[in-house]
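Colleague: Got a structure for you, questions after.
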């Protein structure tokens, strides 16, 4: 009996995580696992911070939130999650890492039910199922692009005509939105979140460039001596600062149930478009793979929207001022400003106050 050739021997041992498939996708698989774990860690950190706020609110003598060890634990986990997300861009395409933000939404919903004792809704189950199915399609049909992103390649992409046209259109659109926001005082949720998405497209481009150059430098191919590394580092920091500013403005004016799904949809769309234009991530992808990937994005958007839809905001209970506890007073009514009218406490209008004084 002769010895089988090496190519025929590998056929018997080839599996989903071995052989040519694993060798081709192992770097991308590492980025996927890192991004999913980081987004789940972010959902855990947000739930821990919420739990800390609720505990402080129940105390007889409320203390500042930054004195709580539990709150600081959540902040540390949040930082670790963001670092993990940053690192994932060095191993996987933007089009794959950005949509995995839905893992954070799913994780938050699950943790809220298990540990914060919130009720399970049918919308949570349906939305989670849609998001999981969309995530599976995203991972399966994501573009497989080379990850050797050197500083010279970043320099060439910065001066390519598709990216220059894209940046010019983005700057014009951002200036128009900023004009309505500043001059016309139009603070509609779509204007705010569209500015966040435009800034986020630059952020993900810079984050992937910086993360990839750092990864190559750690492997021994020094990239930190190129000026483009520091240009992308400054672009990343600047765009992040203004992105957080407009996102906080949206969270202040509107409920999180409206901000979260819209921001996720616009952010993911802008990130995918920027990855396609700057890094040509779908350049060699088949038409069916691109269609299934977009269908997975649509399922993820729909799942996040269903989870956040009609979800009631939880507000901390603010104690009323009770005049019945003041010595010498027999009033039992609560004096508290009504946010939906101009009256204060038991004084309904001006005539009643005049009659009381007379």
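Using N, Cα and C of the backbone, Cβ positions are placed for all residues, glycine too.
Okay, so TrEMBL annotates it like this:
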- 29-48: transmembrane segment (TRANSMEM)
- 69-88: transmembrane segment (TRANSMEM)
- 94-116: transmembrane segment (TRANSMEM)
- 123-143: transmembrane segment (TRANSMEM)
- 163-181: transmembrane segment (TRANSMEM)
- 193-216: transmembrane segment (TRANSMEM)
- 228-247: transmembrane segment (TRANSMEM)
- 259-279: transmembrane segment (TRANSMEM)
- 285-308: transmembrane segment (TRANSMEM)
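Neighbours and distances for these, please.
Modeller: Proximity of distant same-chain residues to the transmembrane segment (29-48), defined by a Cβ-Cβ separation under 8 Å and at least 6 residues beyond the stretch ends, is recorded for 22, 70-71, 73-78, 80-85, 87-93, 96-97, 100-108, 111-112, 115-116, 139.
Panel annotation: around the transmembrane segment (94-116), residues 28, 31-32, 35-36, 39-40, 42-44, 46-47, 50-51, 85, 88, 124, 127-128, 131-132, 134-135, 138-139, 142-143, 204-205, 208, 260, 264, 267-268, 271-272, 274-276, 279, 281-282, 293, 296-297, 300, 303-304, 307-308 of the same chain, lying at least six beyond its termini, place a Cβ under 8 Å from a Cβ of the stretch.
Proximity of distant same-chain residues to the transmembrane segment (259-279), defined by a Cβ-Cβ separation under 8 Å and at least 6 residues beyond the stretch ends, is recorded for 93-95, 98-99, 101-102, 105, 145, 149, 157, 162-163, 166, 189-190, 193-194, 196-198, 200-202, 204-205, 208, 247, 250-251, 297, 300-301, 304-305, 307-309.
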Colleague: Using a Cβ-Cβ cut-off of under 8 Å, list the residues of the same chain that are 6+ residues beyond the ends of the transmembrane segment (228-247) and lie near it.
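Modeller: Same-chain contacts beyond the ends: 151, 154-155, 158, 192-193, 195-196, 199-200, 202-203, 205-207, 209-210, 213, 259, 263.
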